[in-house]
Structure formats: structure tokens, C-alpha cells
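As recorded in Swiss-Prot, the features of this protein are as follows:
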type    : residues                  : note
BINDING : 10-17, 57-61, 120-123     : GTP 1 binding site
BINDING : 183-190, 230-234, 295-298 : GTP 2 binding site
DOMAIN  : 4-169                     : domain 'EngA-type G 1'
DOMAIN  : 177-352                   : domain 'EngA-type G 2'
DOMAIN  : 353-438                   : domain 'KH-like'
Amino acid sequence: MILPTIAIIGRPNVGKSTLVNRLCQSNDAIVFDKPGVTRDRTYQNASWGGKEFQIVDTGGLVFDDDSEFLPEIRTQVFLALEEASLALLVVDGNQGVTDGDLSIAKWLRNSSCKTIVAVNKCESTTLGISLASEFWKLGLGEPNPVSAIHGSGTGDLLDLVIGELPENNIQDDEEKIMMSIIGRPNVGKSSLLNSICGEKRAIVSDISGTTTDSIDTLIKKGDNHWKIIDTAGIRRKKNVKYGTEFFGINRAFKSIDRSDVCVLVIDAIDGVTDQDQKLAGRIEEQGRACIIVVNKWDLVEKNSSTIYQVEKELRSKLYFLHWSKMIFISALTGQRVDNIFEHALNAVNQHRRRVTTSVVNEVLKESISWKSPPTKRSGKQGRLYYGTQVKNKPPTFTLFVNDPKLFGITYRRYIEKQIRVNLGFEGTPLILLWRGKQQRALNKEVERENIELIQKD
């Protein structure tokens with residue numbers, strides 16, 4: 001089951017994200033002393049008193065201003081409240097009650113959601129009680145003084161929170177498939193997330209950099225539960241200023257690290273850029289499963305051969321991910337969006353797959369029968385004794401040979417291709433470890449494991 005949700009709501013810059021990080025004991029919400037840092041609604045898991053729940057951080061709520069992203073942020077806050085079991089209204093104790101606080105309180109009183117008031121920036125316990133008392137006038141019950149920075153009062157606040165939450169059954173992240181949506185700014189990542197979820201889950205704008213957090217969304221497709229991470233667009237380092245975008249990009253790279261599968265989004269109009277290639281390299285370096293999604297395909301003028309020509313051109317520049325499935329979609333119209341889950345699931349399954357040693361050696365034996373290991377000018381020839389899979393995520397194989405130096409890059413690529421093609425490894429990188437060992441040192445090992453050597457000295 002999806003965990004019960006607490007929606008963090010309040011005016012801009014009252015310390016909502018700092019409080020989220022304190023309650024969740026993490027730094028996943030971007031904290032920066034500037035109003036409007038949080039735009040989308042972002043989710044984190046937390047636990048207290050034996051209960052686990054989900055906290056959703058929302059953007060600063062303003063009712064009387066329609067500039068910049070404020071209308072879109074309002075929509076995100078409304079959606080967060082609709083799915084919440086409890087609302088936590090955060091106010092600034094130093095500023096006292098403002099017109100903005102009163103407007104939000106009136107809106108919350110008219111909703112059906114239970115609300116707890118957290119009076120933030122009450123660093124002094126004695127003064128905090130005095131500052132908090134002013135917020136009785138919001139009409140939402142007893143105000144609770146806390147300090148998000150120092151942590152004071154947050155334990156009592158969490159006691160109140162869990163007392164209002166329903167019982168829940170917990171599904172661990174280990175049971176979910178973690179899928180991150182990766183790409184440059186404005187390639188349509190948030191539009192894709194919205195299309196996948198069937199709702200306006202992330203703010204969509206033609207302005208680059210709209211998403212500054214990594215956004216986690218839970219969704220069920222068939223028998224599988226997915227956690228989808230929409231990341232901030234990743235730019236060249238020289239174009240990144242210190243601030244929220246800097247933190248967001250670092251968060252996006254961390255999203256790659258915690259993913260089971262990455263969806264690399266490419267703009268069909270712009271094609272592959274240098275930054276796309278760097279992202280592809282990053283995914284390959286981290287050993288993640290991946291599918292390539294070419295978005296905005298509806299905007300391309302095409303004939304019967306266009307898709308083949310475009311795929312060939314894109315693949316020539318994304319050679320890091322030559323093993324990835326490529327899908328041409330339109331996040332705007334929904335064209336082929338549902339195919340993403342099918343191919344992503346296949347990539348994850350291949351990424352987690354294990355193959356028996358006997359099967360690996362059948363493939364290797366067949367491969368060298370078609371193309372023998374190279375022979376040096378000195379007359380010394382490479383010998384491949386046997387291979388075995390030593391781990392998965394990604395599939396990693398150790399190949400025992402007489403001398404790794406005798407196996408050049410061309411032959412190594414040939415063997416990798418044979419393993420991939422014959423065993424059906426699509427959507428995942430493969431790692432081949434070439435280990436030099438004398439045959440006599442292997443004899444006891446292969447006898448114990450009942451392995452037949454492919455080649456002998």
C-alpha cells in the first residue's frame with residue numbers, strides 16, 4: 001500500500017523544506033534562502049513511533065499573485081491536499097500572523113483535511129510559546145512552536161502527526177522498481193511524467209529549469225509498483241550557477257545512482273547534444289539499465305524511412321548506450337508512452353538476470369569456434385579457458401584466459417556482443433572482467449565445480 005501522506009503547506013520562505021528535511025532526517029528537499037525554491041510537490045518517506053508515512057513538500061502558496069509560477073504552484077498544492085491524510089500548515093513565528101497565513105487558514109478550514117499548525121523559527125522555547133500563541137487566531141487549533149533548524153519541538157510535533165494518521169501496510173523500496181527520468185532542461189521530462197501518471201504531477205513550462213527538485217511519484221502498472229523520479233534538467237557545469245539549480249543537478253545525478261532503470265529523454269528536434277552524450281556516459285559508468293526515449297516525435301516531419309534514419313543518427317552519437325532500446329514518443333499526445341513501462345521492465349529484468357556457468361560457456365565455446373582468439377606475432381595465441389557470471393545489477397562476467405594482454409579491444413567487443421545477442425541482454429550494460437590464470441591453477445577449481453574447459457594449453 002501507498003503510505004499515508006502529510007502535505008506541508010505554507011507561504012513562501014517560512015521554512016517548509018527545512019522542516020521536511022528535519023522530520024525526514026534527510027537533505028533531499030532543496031533548502032535555499034530564496035522564496036519559490038520548491039515549485040513541484042516532492043515526496044520523502046519518514047517514520048516516527050513505529051509508524052511510517054510520506055511527507056509531501058509543496059511550493060509557497062500565494063492566493064493574490066499570478067506572477068511567474070505561482071498559479072502552477074497553487075495547482076500543485078491543491079493536488080497535494082487532495083491526496084493527503086493530514087495537512088501541516090507551517091508559519092513564521094518571527095513574522096507573526098500575515099494576511100497570507102489567514103488566507104491559507106481559511107482555505108484549509110473549508111477543506112475536509114485535518115490540519116496541524118507548526119509555528120517555525122521558534123529557536124527559544126520560552127519565547128516560542130509566546131510567539132505561537134498569536135496563531136490561535138487562524139482557527140485551526142493549538143499552534144505548535146518548532147525550530148526546523150535546531151530541531152526543538154519537532155519530536156512533539158511528530159507525536160501529534162502520527163496520532164492523526166491511519167494505520168498502514170508498508171511496501172519497501174526493495175519491492176518497487178526505481179525509474180528516473182533523465183535529460184537536459186526542457187526536453188519534456190515533466191510532460192512525460194504527467195503523461196505517465198495521467199495527471200498534472202509536475203509543473204510544465206517552456207522556460208528551462210522549471211523542475212529544480214527530483215520528484216518521486218508512486219504508480220502501479222500491472223503487477224509492478226514503480227517509483228518514478230523526475231529530475232532537474234542537467235546542464236553543462238559552466239551554465240550552472242551556485243544556488244537551487246546547482247543543488248538540483250547534484251540531486252539528479254544521485255537519482256541516477258539510486259535507479260534500477262534510467263529513461264534518457266532526447267529532444268527529437270534538437271537531436272543529441274554534447275550534454276546528452278555526457279549523460280549517456282554517466283548512466284553507463286554507473287552501470288544502470290536504460291531506455292532511450294526520443295520525445296516530441298509528433299513535431300518531426302517524416303516519411304516511411306525517417307524513423308530509421310533518425311535512429312541511426314542518434315545511435316551513432318549515443319554509442320555509450322548502444323545496448324539500450326530506443327522509443328519514439330510524444331509526451332504531449334501520449335503516443336507510445338505506455339510502451340515505456342514494457343521496455344523499462346524488460347531492461348530491469350535483464351539487469352537483474354543471472355545465467356548459469358554452463359550456459360555462459362556454451363556461448364563462449366560457440367563464439368570462439370566462429371572466431372578464434374588472436375595470435376601475436378611471437379606466435380603466442382590467446383586461450384579462453386572458461387567464463388562465469390559473478391554478479392548482477394549489472395550482469396558481470398569473469399573470463400579466465402592465459403594472458404589478458406593477448407585479447408585486444410576488438411576481440412573483447414566481439415565476445416561481449418556474442419554474450420549479449422545469444423543470451424538476450426537488452427537494456428543493460430555488461431561488464432566483462434578478463435583474468436589471467438595458468439591452466440594448472442584452474443584444474444582443481446573446474447574439477448570441483450564440474451566445469452569443462454573451453455580451451456586447453
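The backbone N, Cα and C atoms fix where each Cβ goes, glycine too.
Ranked by CA distance from Thr58 (GTP 1 binding site), the binding-site residues Gly183, Lys189, Trp297 have Lys189 at the top as the closest. Counting only same-chain residues six or more apart in sequence, the Cβ atoms lying under 8 angstroms from the Cβ of Cys122 (GTP 1 binding site) belong to Gly93, Gly128, Ile129, Leu131, Ala132, Pro145, Val146, Ser147, Ser152, Gly153. The DSSP breakdown of the domain 'KH-like' (353-438) into helical (H, G, I), extended (E, B) and coil residues amounts to 32 helix, 22 strand, 32 coil.
Following the DSSP three-state reduction, the secondary structure of Trp297 (GTP 2 binding site) is helix. Between the alpha carbons (Cα) of Trp297 (GTP 2 binding site) and Leu61 (GTP 1 binding site) lies a span of roughly 35 Å. Straight-line distance linking the Cα atoms of Lys16 (GTP 1 binding site) and Lys189 (GTP 2 binding site), rounded to a whole number, equals 25 Å.
Taken as a whole, the domain 'EngA-type G 1' (4-169) shows an average pLDDT of 83 in this prediction. Cβ-based neighbour count (10 Å, all protein chains) for Thr58 (GTP 1 binding site) stands at 28. Lys189 (GTP 2 binding site) and Leu61 (GTP 1 binding site) are 24 Å apart (CA-CA, integer value). For the pair Gly183 (GTP 2 binding site) and Gly10 (GTP 1 binding site), the C-alpha distance works out to 31 angstrom.
Sequence-distant contacts of Gly10 (GTP 1 binding site), defined as residues of its own chain at least six apart whose C-beta falls under 8 angstroms from its C-beta, comprise Lys16, Gly60, Leu61, Leu89, Val90, Val91, Asp101, Ile104.
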